[in-house]
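Asks: Questions regarding the structure given below will be posed in turn.
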Amino acid sequence: MSNNLIIINAHIVTPQGRTARKGEAMNELLNIPCGTVRVTDGIITYVGENRISHEKPGYKVLDARGNVLLPGFVDSHTHLVFGGFRPDEFIWRLNGDSYMSIMERGGGIINTVRATREASFEELKHKAEWFLDTMSRMGVTTVEGKSGYGLDRDTELKQLSIMQAINECPDRKVDIATTFLGAHALPEEYKGRSDAYIDFLINEMLPMIHQKQLAENCDIFCEKGVFTVEQSRKLLKAAQALGFGTKLHADEIVSFGGAELAGELKALSADHLLQASDEGIKALAQNNVVATLLPLTAFTLKEPYARGRKMIDSGCAVALATDLNPGSCFSGSIPLTFALACIYMKLTVAEAITAITLNGAAALGRADRIGSIEAGKQGDFVLLGTDNPHILPYYTGMNAVKLTIKGGRILHSN
């Protein structure tokens, strides 16, 4: 399939830059009502008015007919490789159980750990590919995939190897940025020995994953009852010393100092942040840490939404992601994520577009190559079925994507 494409008559709407956009700059979008984009060998080589020749040998020509052309969506926080499902826990939550109380009675993450350890490589890979196909139809062209449902050497490596295998497929629909999340929970084998488990991750897992080049980033669940701030600092500093980008699940359940730690370490991102303090928000803004907000999780858990408006007004770079996982948020719905962010977190449409494209890319350390429609970046696009980008939150929870284009290849026509 050719990776040479010329898109004409497109209403181009895109953030610009090779780093995250912060604060007021999140509202600044390039807007070309009738533009052309040229992609050569999968890379954007021209963006501008309809002034170049549309007839070029070896290029497919796509007439956008005035519809909105956006950068491909970047879902920068998912847990897409896992065994089993947990529908019963969803019902327990409806009946009043909390996320942490379910974990304390042996459910939650540990439930999925057991199922993931038992599942075969092919079973897990097939399920992940199904999720990716579904997400691609909603405009996702790059996704983050975390491990963290193994909590032992072999299963963590299995999860990461599955994502590597998908990335090596030449006709893949979505690129996966892999994140090692061995510190997702304390495995049963290490009950009461959390320091020893952190040492195992530092001394055995990180060097092995680094040598095998199985992950780009390292994450930890920094939360009361899971891993402490000091344990998180120790693991992430070790990861940084090996060249990993660092990320944190931070301040989701209680205000715990995770955002402050992310600022101290100058991490790529701090995620969740439902309970982030004012000082934590300030630390994120001052240290250029992307605040990755996950409105679907707050929606599912019936928790207050993260203070997206406050974060942007404080100078933060905010990203949006789905948090697809089998427990707290069994959804990869980009349309609903977009709507909830605008309705409940009070993001403008322009801010939400930036959050789910360029800032999502920055949260993965990839803003230099994806996240905006600019020469030199990958030819990843979303073509909407309308000329008005405001359709994204207005068409609440419904898919407004007409075409998904990956590296110049047209993947889906909805």
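Here the Cβ of each residue, glycine as well, is placed from N, Cα and C on the backbone.
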Asks: The Fe(3+) site in Swiss-Prot lists His77, His79, Asp323. Which one of His11, His249, His390 belongs there according to the record?
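Replies: Candidate listed by Swiss-Prot for the same site: His249.
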Asks: According to Swiss-Prot, Asn325, Gly327 bind N-formimidoyl-L-glutamate; which one of Tyr59, Tyr149, Tyr190 is annotated to that same site?
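Replies: It is Tyr149, as the record lists it for that site.
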Asks: Quick one: which of His184, His210 does Swiss-Prot put in the 4-imidazolone-5-propanoate site with Arg86, Tyr149, Glu252, Ser328?
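Replies: Looking at His184, His210, the one Swiss-Prot places in the 4-imidazolone-5-propanoate site next to Arg86, Tyr149, Glu252, Ser328 is His184.
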Asks: So, three-state DSSP: helix, strand or coil for Tyr149 (4-imidazolone-5-propanoate binding site)?
Replies: coil
Asks: Which residues, sitting 6 or more apart from His77 (Zn(2+) binding site) on the same chain, put a CB under 8 Å from its CB?
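Replies: Correct list: Glu144, Lys146, Asp271, Thr292, Leu294, Ala321, Thr322, Asp323, Ala363.
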Asks: Within 8 Å of the Cβ centre of His77, His79, His249, Asp323, which other residues of the chain have their Cβ, at the recorded Fe(3+) site?
Replies: Thr78, Lys146, Asp271, His272, Leu294, Thr297, Ala321, Leu324, Asn325, Cys329
Asks: Would you list, in sequence order, the residues of this chain other than Tyr149, Asn325, Gly327 that have their CB within 8 A of the centroid of the site's CB atoms, where the site is the one recorded for N-formimidoyl-L-glutamate?
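Replies: Other same-chain residues with Cβ inside the cutoff are His79, Phe82, Arg86, Ile109, Thr112, Gly148, Pro326, Ser328.
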